Amino acid sequence: MAGAIIENMSTKKLVIVGVILLLFQAFSFMVGGLIAPSPTTAVHYLATKCVDTVKTHHKDSKWFMPWGPDQCSKIRDFDEATAKRIEANNIVFAVHIPLPNREMSPWFQFMLVILQFDIAFKMQNQIEDGSLVTMDVGLAYRDSTLSEWTEMAHSTEHRKLSCNFTATMTYENEGRYYECDLLPFMEVGSVAHKYYLLNIRLPVNERKKVNIGIGEIKDIRLVSIHQNGGFTKVWFAMKTFLTPSVLIIMIWYWRRITQMTRPPVLLEKIIFALGISMTFINIPVEWFSVGFNWTWMLLFGDIRQGIFYAMLLSFWIIFCGEHLMDQTERNHFSVYWKQVGPIVFGSFCLFIFDMCERGVQLKNPFYSIWASDVGTELAMAFIIVAGICACLYFLFLCFMVFQVFRNISGKRSSLPAMTKARRLHYEGLIFRFKFLMLVTLACAAMTVIFFIISQVNEGHWHWGGYTVQVNSAFFTGIYGMWNLYVFALMFLYTVNLGEDIQLTTTITHVDGPTEIYKMTGKEAQE
């Protein structure tokens with residue numbers, strides 16, 4: 001009789017497979033914790049105040065370097081600008097990325113820049129409620145210190161200030177700084193050049209009320225965040241190793257399914273689809289981003305992850321449902337539209353949100369959906385809807401898992417009437433099914449737990465003479481865990497065509513559904 005490997009496998013062999021998978025899981029955590037560096041690096045910059053003596057404010061104006069042989073004419077602070085009668089419109093805040101004597105690299109993958117204003121309190125120049133800062137920003141690049149700067153992007157951006165002055169607003173506290181929130185400034189999906197230059201202007205127009213009521217800005221601070229090159233190489237190596245591993249087991253799984261005389265059932269199809277989505281996310285196309293300026297890689301990576309997680313959530317629903325429903329209701333995808341619908345709709349909302357953010361950033365890296373009130377409300381609406389869909393899904397899943405376990409427990413009442421061999425066989429089936437459900441819950445729980453740990457710790461632990469990079473271990477460990485999960489599903493649920501089980505059963509279809517599939521149904525017969 002043909003059955004899934006998990007049903008025909010002895011408890012001893014199942015334990016051996018479980019131990020092997022645990023060893024690979026531990027190895028994937030160790031790769032990130034002990035070999036890879038921290039996933040990202042944050043570099044702080046203080047903008048240099050340059051003076052535009054030529055007063056060229058149009059698009060083709062020259063670029064102002066904060067240091068080096070062609071550095072700009074600088075001032076220390078705005079008091080010096082006032083003394084020299086330099087207008088605010090002639091001041092350019094310049095930031096060179098990276099710091100002197102360093103270079104950027106394509107291995108950094110992306111560059112995210114956060115902005116913060118240093119604003120001093122003045123009784124006659126306070127920050128008004130709802131005030132907007134208007135910035136004329138430009139981004140340029142070059143690959144040699146001797147070459148000219150090439151413009152990469154130019155835009156006029158608005159950012160809403162959110163500042164709090166903790167002291168009493170009196171003349172005695174003038175000069176103290178507001179506590180201002182960090183503002184999203186720029187995101188580039190590829191680091192294809194060695195040097196980048198940012199020029200920021202704060203144009204003032206009293207008649208149009210541009211940059212009026214924003215307080216006395218003293219300095220502009222930037223934080224540039226990029227992926228570490230060492231982590232990128234470890235990440236690419238993992239994807240390169242895992243791609244053929246999952247691809248081979250997927251081809252083998254589907255070949256065994258198609259060798260049967262019956263057509264594949266829904267559960268077998270959804271496992272195969274899960275394998276395809278895992279392979280899609282594994283394919284290391286990121287290698288090409290090292291040699292090509294593919295700024296869309298961040299968006300493409302989000303889409304791949306979204307497809308995998310949508311397929312994974314759908315699989316859990318269908319897996320539980322196929323072991324729960326009556327035989328007449330099985331093997332039809334349309335039965336699950338109430339459960340799969342929220343998954344599809346929530347995924348679509350997140351996709352639209354991502355397109356509104358990173359999709360627009362392909363043309364304008366300074367764009368942020370959070371910069372305006374309308375954009376913020378729209379983004380929050382998409383996130384809230386996706387969160388509601390996630391809650392509905394979780395309730396559906398918990399209810400279905402409860403029903404499956406209750407259904408299995410009800411079948412135990414018929415076990416004592418069976419022969420010893422058949423009773424032991426069905427007890428083994430129940431154990432293996434519960435084992436797989438618990439493994440699924442453990443994988444989901446580990447994902448949540450390690451995510452929380454990575455957010456609340458300082459980034460690394462010291463263990464003996466070793467430094468464990470917790471954040472890197474989270475990424476490589478969870479990524480390896482879901483690959484092992486999909487690998488184990490396709491292996492354990494592959495039909496065993498060549499092994500005959502010496503048990504007396506009333507199931508006569510050689511290529512029929514698996515025994516646990518039939519037994520857990522409400523109308524299943526012995």
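Each Cβ is built from the backbone N, Cα and C atoms, and glycine gets one as well.
Sequence annotations record features per position, and here TrEMBL assigns domain 'Wntless GOLD' to 48-227.
The annotation domain 'Wntless-like transmembrane' is assigned in TrEMBL to 228-494.
What TrEMBL records for 234-254 (among others) is transmembrane segment.
Marked as transmembrane segment by TrEMBL: 266-285 (among others).
TrEMBL lists 305-324 (among others) with the feature transmembrane segment.
Look at TrEMBL and you will find 336-353 (among others) tagged as transmembrane segment.
Sequence annotations record features per position, and here TrEMBL assigns transmembrane segment to 378-408 (among others). The list of residues near the transmembrane segment (378-408) in space but at least 6 beyond its ends in sequence, with Cβ under 8 angstroms from a Cβ of it, reads 313, 316-317, 320-321, 323-324, 338-339, 342-343, 345-347, 349-350, 352-353, 356-357, 369-370, 430, 433-434, 437, 520, 522.
Per TrEMBL, the feature transmembrane segment maps to 429-453 (among others).
What TrEMBL lists as transmembrane segment is 473-493 (among others).
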Should anything in the same chain at least six residues away from the transmembrane segment (473-493) have a Cβ under 8 Å from its Cβ atoms, list it; otherwise answer none.
4-6, 9, 17, 21, 24-25, 27-33, 36, 39, 231, 234-235, 238, 242, 245-246, 249-250, 252-253, 267-268, 271-272, 274-275, 278, 282, 308, 312, 436, 439-440, 443, 446-447, 450-451, 453-454, 514
Who are the chain neighbours of the transmembrane segment (305-324) in space, where the CB to CB distance is under 8 Å and they lie at least 6 residues beyond its ends?
265-267, 270-271, 273-274, 277-278, 280-281, 330-331, 333, 335-336, 339-340, 343-344, 347, 350-351, 354, 393, 396-397, 400-401, 403-404, 407, 433, 440, 482, 516-517, 520-522
